[in-house]
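Enquirer: Can you keep this structure in mind? I'll have questions shortly.
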Amino acid sequence: QVTGHLDDCTCDVETIDAFNNNQVFPRLNELLESDYFRYYKVNLKKPCPFWNDNSHCGVRDCAVKPCPSDEVPGGIRSGSYKYSEEANNLAEECEEAERLGAVDGSLSEETQRAMLQWTRHDDSSDSFCEADDILCPDAEYVDLLLNPERYTGYKGPDAWKIWNSIYEENCFKPQNVKRPLESDKGDDGGHAFYKWLKGVCVEKRAFYRLISGLHASINIHLSARYLLQDTWSEKKWGPNVTEFQRRFDEVITRGEGPRRLKNLYFLYLIELRALSKVLPFFERPGFRLYTGNKSRDAEMKNLLLEVLHLAKSFPLHFDENSFFAGNKKEAAKLKEEFRLHFKNISRIMDCVGCFKCRLWGKLQTQGLGTALKILFSENLIEKMPESGPSYRFQLTRQEIVALFNAFGRISTSVRELENFRNILQNMR
């Protein structure tokens, strides 16, 4: 049921399917399996800032296994997370062995000043996400490949409360306009909701569709990697068609499922556009995907640039110039609201009771927040010097890892949709 043109875009579903499944998905997967992108530092112990909630998920599949520090490549553990050429040159050559060598963290005065500039900039108002303090003792490295996003059994009132808070408090929606399928009593098939959505400005409509697309993507992952068998000898995860239909079938969801899936494609276009825009930042000779393995790092940078050039080559990009294009004062006010609402959503992720769901929720919101930061920093990216530090536009390693892994999740969702289509066709 999900075909054809996407609202507010010049693109269609079929073009995205072909581009993603045949070109982007294989290359991106290879990139995300590399050491630079598989290790993500996260604080899963932050308390929920909005309500007192100690109801952590007791299911063992909710647990996250952090990495012992000696398993994380030395280059990633070093303080040179900004990856300027100067900072990278300070790192000792690491040999790939059972334990990677130590890193020289000493910095010249000039580099220290640059780091201070970067820190001030990172704390400035261009951020769309409440990032973890990675220097906090509670922040730990997690190997994303060993902690995959999949069905954990976390559901019910606790999970509903998270998404309800996101939609009701952060998507610019008035309380008297009920979301489709929110309750069976007096549900009008979403008529009032979609009338409201059609009537709001393109920015607020896009905000809702981004969150809906993220929600849809997460639900696809849970349906595609569902716990099908749980015995003493083995666990087996795989596609659960019944679960997928419950969430997305047009009849079961009274037309809502296909809309959710179209919002997933809208989210794909937004994140793809950000990757195409940020290419100059990664093309600079001084930028390295530094882990300590020189030849592998160079190889991965080439693959990264290949993925970004591929993103740039997409023929039907979303035109973000329609965002905040009206009266300058009103546009600035709306942009700030947009930023603060998204930052609030990133804080809500610390209220997720399942630690594995919290990990992937935090990573995907930070990735989308980084994509938005890029789209709203186009002028700064264009003015970057070809060499040396760029004080005005900078990405931390955390943002880079989140950006690509978040897009990897969306890309995987689009690929899994094709798999579900094939399964359903064979069942008919």
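Each residue, glycine too, has its Cβ placed from N, Cα and C.
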Enquirer: With the disulphide bonds as TrEMBL has them, who is the partner of Cys354, out of Cys201, Cys357?
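Expert: Here TrEMBL pairs Cys354 with Cys357 via a disulfide bond.
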Enquirer: Starting from Thr152 (FAD binding site), work out which of the disulfide-bonded residues listed here (Cys62, Cys129, Cys357) have their Cα within 10 Å, and give them in sequence order.
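Expert: Candidates kept after distance check: Cys62, Cys357.
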Enquirer: What recorded positions among Cys129, Cys354, Cys357 are found with a C-alpha within 10 angstroms of that of Arg150 (FAD binding site)?
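Expert: Passing the 10 Å Cα cut: Cys357.
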Enquirer: Distance between Arg247 (FAD binding site) and Cys129 (disulfide bond) at the Cα atoms, whole Å?
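Expert: So the alpha carbons of Arg247 (FAD binding site) and Cys129 (disulfide bond) sit roughly 28 Å from each other.
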Enquirer: What is the separation, in Å, between the Cα atoms of Trp163 (FAD binding site) and Cys354 (active site, nucleophile)?
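Expert: That comes out at 14 Å between the alpha carbons.
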Enquirer: Check the Cα-Cα distances from Cys357 (disulfide bond) to the recorded positions Cys62, Ser212, His215 and tell me which is shortest.
Expert: Cys62
